[in-house]
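> One structure follows; several queries about it will come next.
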C-alpha cells in the first residue's frame, strides 16, 4: 500500500479512520469524497490535506458556498446561480440588485460570523422531484436540475443555507479561516444576454500568511498592469471610439515590437525557417475549405463586395501559408518546408471581453507552419522546443516553464477529425467529424473511428519531450479538433503562469487541401502540418514582458536606452556631443538640454524607464567621461568609448541584467 494511503473498513466513516484535522476529504481513485461518507467496502483511500492542490480547490469551492450563504442572509431576495472555483479564487453569480463596496464589506463580515460559528456542512441526496421542490423559487437552479439531473443528486447544507452541488466540501465552515472578497462585476446570464447578474469574486487560502502574500502580489500586479505601464511609457493607443479592441503602437511601442520581431527572425533563420507574407483578406471559399468558417464564423469579419463575392478578414494565418506551399509539387527530400510570418489576424470579441494587449480584436502572431513527413515529427518537435527554451531564456532570463500535452478524448470521437472504417464493407474515409458518420460506398452507419494516426503523432510528441528531459502533464480532451498539441507556460515575477507557445500537429488540413509529396517509392503520400507560435502573439507577449519586468525591460528592448542630462547649461553642448556619439553607435538615446535641474529631469523621465541615465558636468567634459546611473540608482564614471563598448555589448548579447 502506498505510504499516503489509509485503510478503511467497510461501514467506517472516513473521518473516524483518519482522525487528522489537516485532512478535509479523501480521494478514492479519481473520485473525491467527504469525510462524513461511509466506506461501502474495505478499501484504501488517499487523504486530501487542506494545504494540497486538491485541498485548496475544495477549500475555495466551500468558500463560494460560504459567500452565497452570507449573501442570502443579508439579501433574502438574491437568487444564487452558480459559483465555481477559478484560477486563484472563486466567484458566485446572483440575480439581485447591484451592490456597493460597502455591501461587499458587510458580506465579508457575515462570512466571518458564519466561520466563527463553525457550522457543520452536510451532504444529502434527493430525487429530481425533491430537488425541484427544494429550489422551486430559484429558476436558475431549476434549469440546472432539469438539464443535469436524471435520477438523484446531492445538495450541501450549512445552517439555513442549502445549495445544489456534487461536492466535496470541507467538514465545517470553521475550516475557511483565510479568505477575502476581491471585487464586484456584472455578468451576462448565458441563457439570456439581456439578464445581468451580480458577480462577486473572492479568494481563500489554507492560512493567513498565504492569503497575505497573495494580496500583496495583487497590489503589486495593479502597479505592474501593462495598461498602466503602456500609458506611462507611451507605448500604444487604445481608442474605444474609433478602434475598439484594435491597439495602435506609438513610436516607443513599435520599437519593442520590432525588436521582438527582429529576434524571432534571427531564431527562425538559424533553424531553417523562411519568411513569407500573406494578405489580410481572402475569399470565404478558403475559410470554408480550411474548416475555419464553420468553427470561427461568429468571430470573423465577413463582407460581400459589389460583384457578389464574399470575403473574410483572416482569423488565422495557416490557409495563406498552405496556399504558398501548394504552388508546386514536392519530393520526400524537399521536406520539411518551413514558413514563418509575423501575421496579423482579426477575431471579433464582445466588447466586455476586450482588454489591453492581452485580449485585443487584432493581434500579430509569430506564426509558423512546417510541412513535414510523419517520420519527421520527433525531430521537428525537438527543434521547436529548443527554440522555445532559447527564446524564453534570452528574453526573460532564468524563468520557470511548464509544458502541457493536450490529447484526444477517445470517449468522444465526434469532437475530432478522424478517419473512419466501415465495419460492413471495409471502406476507409478520412477527415470526418460528427456523430452520424455514413459510409459513402455502402451507406452504412456502422463506422469505427481509427485512432492510429492520432496515437502515432501523440506518441512522437511524448518521445520528443521525454528525450529532452521535459516534464509535462497530459490533458485528455484538450486537443484541438485536428490534432494533439503542446502548450508552454511561463511563471512571471509574481508567480503567475502565462500560456505562451503552442506547437500543434495537424493531419487533417492537408486532407482538406490535398497536400502531398512523392515518397521514396514514387507514391503520393500526405504531408503533416505543424502549426507553431513561440511568442504566441506579440501583443500578449509584450503585455507579459511589461508586467514581468514592471516596465524595466532589458536594454535591447527598451525604447530609450540612454537619457543624457547636462548638470547645467554650460555643459549642454557636451551633453549633445555625448548623445550624438551614442546615436552614431546605434544606441537609442535622448538628450534633455533644457533649463530644469538634474533631479527634476530624472523625476520627469522616471515613468519612461530608460535603461541608463547619463549625467555630464564640468568634470566629465574636462575628462571626456560620462557618469552613468543604472536603474538601481547606482552611479559609475566611464570613459566615453568605454561606456559605448559596455552598452553595445549588453545590447548585442541581449542581456537581461544591466552591465553594473
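Every residue gets a Cβ built from N, Cα and C, even glycine.
Summarising the annotation, Swiss-Prot assigns domain 'TGS' to 1-49 and lists sequence analysis as the type of evidence. The region 'Catalytic' annotation in Swiss-Prot covers 225-554 and is backed by sequence analysis. Per Swiss-Prot, the feature Zn(2+) binding site maps to 318, 369, 531.
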> For the recorded Zn(2+) site formed by 318, 369, 531, which further same-chain residues have Cβ atoms within 8 Å of the site's Cβ center?
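Checked against the 8 Å cutoff, the neighbours are 316, 317, 321, 322, 367, 368, 504, 506, 509, 529, 530, 532.
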> If one looks at the chain holding residue 531 (Zn(2+) binding site), which residues at least 6 apart in sequence have a CB under 8 angstroms from its CB?
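In sequence order, the residues whose Cβ lies under 8 Å from that of residue 531 (Zn(2+) binding site) (at least 6 apart) are 318, 367, 368, 369, 502, 503, 504, 506.
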> In the domain 'TGS' (1-49), how many residues does DSSP assign to helix, to strand and to coil?
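Breakdown, helix to coil: 5 helix, 22 strand, 22 coil.
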> Under a three-state reduction of DSSP output, how is residue 318 (Zn(2+) binding site) classified: helix, strand, or coil?
helix
> What is the Cβ neighbour count of residue 318 (Zn(2+) binding site) at a 10 Å cut-off, with all protein chains included?
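Step by step: centre on the Cβ of residue 318 (Zn(2+) binding site), count other Cβ atoms within 10 Å, giving 22.
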